[in-house]
Amino acid sequence: MVTGDKESSLMKKRNKRSHKRKREEDFERIDSLPWSSSIPIGEDDEGESFSTLFSGSGQLDGGFLSLEEIDEADYHLTLPTIESEITERKQSPEDDDDTNETVDEMIEGEEAEEDGEGRDDEDDEDDEETRKKKEKKAKRNKEKKKEKKKKKQKKINEAAKNQDASAVSCDGDDTVEEQVEEEEIPPEFSAWSSMRLHPLLMKSIYRLDFKEPTKIQKACFNVAAYQGKDVIGAAETGSGKTLAFGLPILQRLLDEREKVGKLYALKGEEAQKYAADGYLRALIITPTRELALQVTEHLENAAKNLSVKVVPIVGGMFSEKQERRLKEKPEIVVATPGRLWELMSAGEKHLVELHSLSFFVLDEADRMVERGHFRELQSILDLLPVTDKPNEGKTQTVKSNDTVLNVPKKKRQTFVFSATIALSSDFRKKLKRGSSKSKQSSSGEVNSIEVLSERAGMRDNVAIIDLTTTSILAPKIEESFIKCEEKEKDAYLYYILSVHGQGRTIVFCTSVTDLRHISGLLKILGLDVCTLFSEMKQRARLKSIDRFRASENGILIATDLVARGIDIKNVRTIIHYKLPHSAEVYVHRCGRTARAFADGCSIALIEPNETSKFYTLCKSFSMESVKIFPLDNSYMPAVRKRLYLARQIYEIERKGSRENADRTWLKKHAESMELELDDEESEEERVDNVRQRKATSARLNKLKEELSTLLSHPMQPKKFSGRYFAGVGVSTLMQNQFVELKKQKQAQMQIGGDIKRRKLVVINQNCIEPLQALRAGGNEMLKMKGQSAEKRRDIASLKKKRKEEKIGRRDQRRNQKKQRKLMASS
């Protein structure tokens, strides 16, 4: 402790000495300055003159020297600017590094002074060296400051340039800025230049490698983004409708963000009241969960680096997780009506506060207006703020719990999109005239596109963009059909999937019963099949879609749930196991292939009862003729043989699974009700049941073995002989197939198992896509001309037959009455 006190006292003494020495040096420097006689010599009250008080070196007469006249470089002086620099840097937090440097300089100066203690007899040369060092450091600091200021100014100028380039007027007056943007856009993306997208959006377009906008995107963007109109859009499937409404939404959000940034630079924190941060800006409603997730994925890809959050709200997932994501306050929400209304009715704050909602989108709107579907949509529409008389620029005070917000009231834009939108001529005229009010249905149901648009708050002078052609179908899709009996549909389906099993294929069914029947048969026949229908859980749905996307030659058997908007790449073939109930559903089914300028094939399996429906369907699309899908009937016996075994196996397994399900159901409910099941079977019956089970299992095993042997060999045509064939008649294709077959057998012997699906399926025929087979051999066509007369004859004969049956039944009833009367009278 004593030594510590001594050291502290010594340090104090040294500091005092250094301060004294510093003062003396300053006085000496001041005394050595040349003085001017700017002030006359006078005397004060005590009689002393100013010259005696402020006497210089004796070289010049006395007087004051103004600070402007002092040049510190001439006198080797440095002005004490350290404190002022520190205060300036405290105001600007970006210059923390400079403040640290100045503090280090101060510490170094003190250390240098401490080291110099005890050297009272030091020469003036050392002082000059330290001064020079300090001057050099001060100059360095000034240069660093200048460089940092230049960098800041450059950043500000660049930001201003970007803002000026993005804030292009809606009327297109700034031609110079457009030229600058066109020069910056790469030549392969030059088609986007006319749309005047925000620079950040253009970066997303480059990253996604979209070379040019689609027709619907180009037509909708200028109308929606720059003119601010509501849009009713219709275009063929796979035409990019998601970005047609997604790009205007992102463009407006980015423009508003820049405007708020400019206001913040002018007005400071007052500009925050003009921002709508933390509120829902766009609400997109889709009919299916899969479509909602797909739209979310597309928008997230487009808004990846834009700091715009997109959240899906769909059923089949935990609502708690979705509520957590809504607490992040996303700008865009993509939802299905059921789960959206569930969260809205529960009072979810982010979904209920819709005063800042700028966009309301209905995707696949024609599906939402079907009778009996989406009753929640009516309740959602009732919650939307009224937009009958929008006043742009006026502010609206909104009470939110404890705070009162001044939010700018803006026009809400409504987008209605689908591949098939049928608007009546009266409704089109009504929209053009601008009469917003119309007669709604007495029940209040949303049962048409017209009512849906009006209830959603569609404003006057709406833009109707209808890019559908008379055929409505995609231009590169090729239609075909196979005429067959109802029992033969399974055989022809298996023929297409095995003989032409290349590329992704979707098989559409009208019922879940048909779906389970087909998937069960095809799985027994060794095909890797995915299923998708509404009764599946959401996790199983997503797994099924992922499996289908992962397989290049995948097969998806689905109901019309998949027909709406789902975008799966490289779907080559669509098979209609049964025709849909409406032409709109047929369009959406076919729209899963031939998407985004690609080609595809559609095959319809037509039974006799569906011929008239198919004719009317083709005529509604203005088809002059339809190709008949080419079939090689020499392979059909082998197909039928395999299918016969598969059906027997399927029926046995189905019967057994039903019995087990019934047994477990009885046991479960008996246990829950605390009841004992009566075992009425005798021992003989039990023995018979055991024998029957053993016999069925033995038969099942035998059928499975027989089918596995057939599946282990490639499918052969009827006339082909595996034992005797002339060497001259063997083609090069067949020779290559035999070599490949030998390799497969060797691989099977090494593995010791059964290869589930083989590359070599058919002898003497290449495994090609159905589209290639259709182009190669589909010359036979069914012409639609002249079918109307045949159809009329069929209808007339059918009416005549029904009339005759009706007359016969009536005569029979009369005869029966007469007989009863005779019996009663006798």
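Indices start at 1 and increase along the chain as displayed.
Heads up, the Cβ atoms here are built off N, Cα and C, so glycines get one too.
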Of the ranges 175-178, 363-366, 631-634, which one does Swiss-Prot list as motif 'DEAD box'?
363-366
Range annotated as motif 'Q motif' in Swiss-Prot, from 190-218, 248-276, 451-479, 567-595:
190-218
Over the span of the motif 'Q motif' (190-218), count residues by DSSP class, listing helix, strand and coil in order.
20 helix, 0 strand, 9 coil
So how many of the residues in the compositional bias 'Basic and acidic residues' (804-814) end up helix, strand or coil by DSSP?
11 helix, 0 strand, 0 coil
Between THR237, SER239, THR242, which of the binding-site residues has the fewest other CB atoms within 10 angstroms in the structure shown?
SER239
Between 0 and 100, where does the mean pLDDT of the coiled coil (125-166) sit?
64
Cβ-centroid neighbourhood (8 Å) of the ATP site, ALA235, GLU236, THR237, GLY238, SER239, GLY240, LYS241, THR242 excluded:
THR214, ILE216, ALA244, ALA419, GLY591, ARG595
